[in-house]
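Asker: I am attaching a structure below and will ask some questions about it afterwards.
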C-alpha cells in the first residue's frame, strides 16, 4: 500500500515537509508577526487607538492595554480552536479535522490582512486563531500516532525547529519591510504571508494515511492495516497490529468524553490531565512569549536601542531559536523528555534573573555594558526555551493520554498553552510601563519552581509505546509512584496489565477483533 507512490521512510519524510513544516511555520510566524509592525507609521495611522509610540502618561497606559488586548485575542481564538477540535478529531479523524482547521485559519488571515478598522482586525485575529489552535492540537496527535516509539520524540519535537523558523521568518520579514514602514504594504503583507502555509494543509493532507490507531478505534481494521503497511513500508506488521488490538481492549465500550478526564479511576485520567496542563503552564509562564511577542519593544524601550538596530537584534534572537530547537531534536530520544524539561526550566529562570538585573541597571543608569549584558541574556534564554518547550510539551500531552481521549488531552494541553499565552500577551505592555524590571523576576521564580515540579511529578515517556504508557499509568498502587515506576522494565508489565484490563472491561472475554 502506498500514498503518492511512497511508503515507509520516504512517506514519513514527505509528511514532515508537506504537512508538519507548513503547520508549524504557521504557528511560529503568527506568534510574532504583529508585534513587529505595531510601531510602523502606516499601521498606527490606520489603528491610532493602539498607538503607544506617540503618547505619554495615562493615555499611553490606556492604549497599551488596548494594544495588549488586540494582540492577545488571537490566542483566545487559538484556545477555542484547540478545544473545539476535540470533537472533530474523534468524529472526522485526524486528516479531515486538519483540513477544516486550516480553512478556518485562512479565512481569518484574509480578514486580518484586509483590515481597515480595529474591529475588523480583532475579528480576523480571533478567526485565524481558532483555525491555528485546531491545527496545533491535531497535528502532534496525528504525528505521534503514526510514529514508532524509538523515534517518536524527534519526529514530533522537530516541530520546534519549524516553530522557531516561523518566528524567525516573521522577524526578518519585519526587518526588510521596516525600510518601507510608511507604506501600507509594510504591515498588510506580513499579515497575509501565513496563507502560504495554510494552502498545502488544505490541499495535500488527504494524500497521507489516516492514523491507524484512530481507524482501529472506529472498527475499520482493514483500513488500519493498509495505513500500517504504508507507514512501516512492510506488507505485514503483525507486532504493531497486535499491540494496537491489545490496547483497544483497554478502552471502555461506552464512549468517553472530556468530562471523564475529571473522574477518579484506575487509569488516573485526572492525574494525566494535571500533567498536560502543568507542562504547558511551564512552557508559557516562564516568559518565552514576552520575547516572541514584544522582543522589538524590549530592545527599543527597555534596552534603549533605536531603529533598525532593534529590529536586527530582535530577528537575531528569534533566529537563534532554530539552533536551540535543533538541539532538542537531536537529544529528546537520547536523553528523554524529563531531563530536557528540567534543564530548560533552570536555564530560563537564570536568564530571566539576569535580564531583570541588567534592565534594572539600564533604568537607573544606562550604560552600554548593561545593554550588551541584557542582550546576552535574551540570547541565553532562547538557548534553553526551545530545548525543552518548543514542541516537547505538545508531544508529552499526546504521549500520556489513553487512545480514546488522546485528542481531548492533547487539546487541553494546547488550550492551556494558549490560555497563558493570552495572559502574557494581555499584561506585558502594561507590565513594561508599570513594574518594569520586576516583571522579569516573576518569570525567574516560576522557572526555578517549574524545574522542581517536573522532577517530582512528571514521569519519563522516552522509548515507550503509547499503549505502554497507558498501561503504566494504571499499574502503581498510588499516583505518586508513577514517576519512579516508569524506570522499571516495560514489556512484561504491559502484557500483564493488558490482560487485567481485558478482564476488567470485557468481563473476562479475550476474543480478538
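Each residue, glycine too, has its Cβ placed from N, Cα and C.
These numbers come from a predicted model, not from an experiment.
As annotated by TrEMBL, domain 'Major facilitator superfamily (MFS) profile' applies to 16-462. Residues annotated as transmembrane segment in TrEMBL: 12-29, 64-85, 97-116, 122-143, 155-175, 187-208, 269-291, 311-332, 339-362, 368-395, 407-425, 437-458.
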Asker: Considering pairs 6 or more residues apart, do the transmembrane segment (155-175) and the transmembrane segment (407-425) have at least three CB pairs under 8 Å?
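Answerer: Contact absent: fewer than 3 Cβ pairs fall under 8 Å.
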Asker: Among the recorded stretches 12-29, 64-85, 187-208, 368-395, 437-458, which has the greatest number of Cβ pairs closer than 8 Å to the transmembrane segment (407-425)?
Answerer: 64-85
Asker: How about long-range neighbours of the transmembrane segment (122-143): same chain, 6 or more residues beyond its ends, C-beta under 8 Å?
Answerer: 15, 19-20, 23-24, 26-27, 30, 34, 70, 73-86, 88-89, 94-95, 97-98, 100-115, 155-156, 159, 194, 198, 201, 211, 391, 394-395, 397-398, 406-407, 410-411, 414-415, 417-418
Asker: Do at least three CB pairs under 8 A connect the transmembrane segment (437-458) and the transmembrane segment (368-395), leaving out pairs fewer than 6 apart in sequence?
Answerer: no
Asker: The transmembrane segment (311-332): which same-chain residues, six or more beyond its ends, come within Cβ distance under 8 Å?
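Answerer: Result: 32, 36, 153-154, 157-158, 160-161, 163-165, 167-168, 170-172, 174-175, 178, 291-292, 295-296, 298-299, 305, 340, 375, 378-379, 382-388, 390-392, 395, 462.
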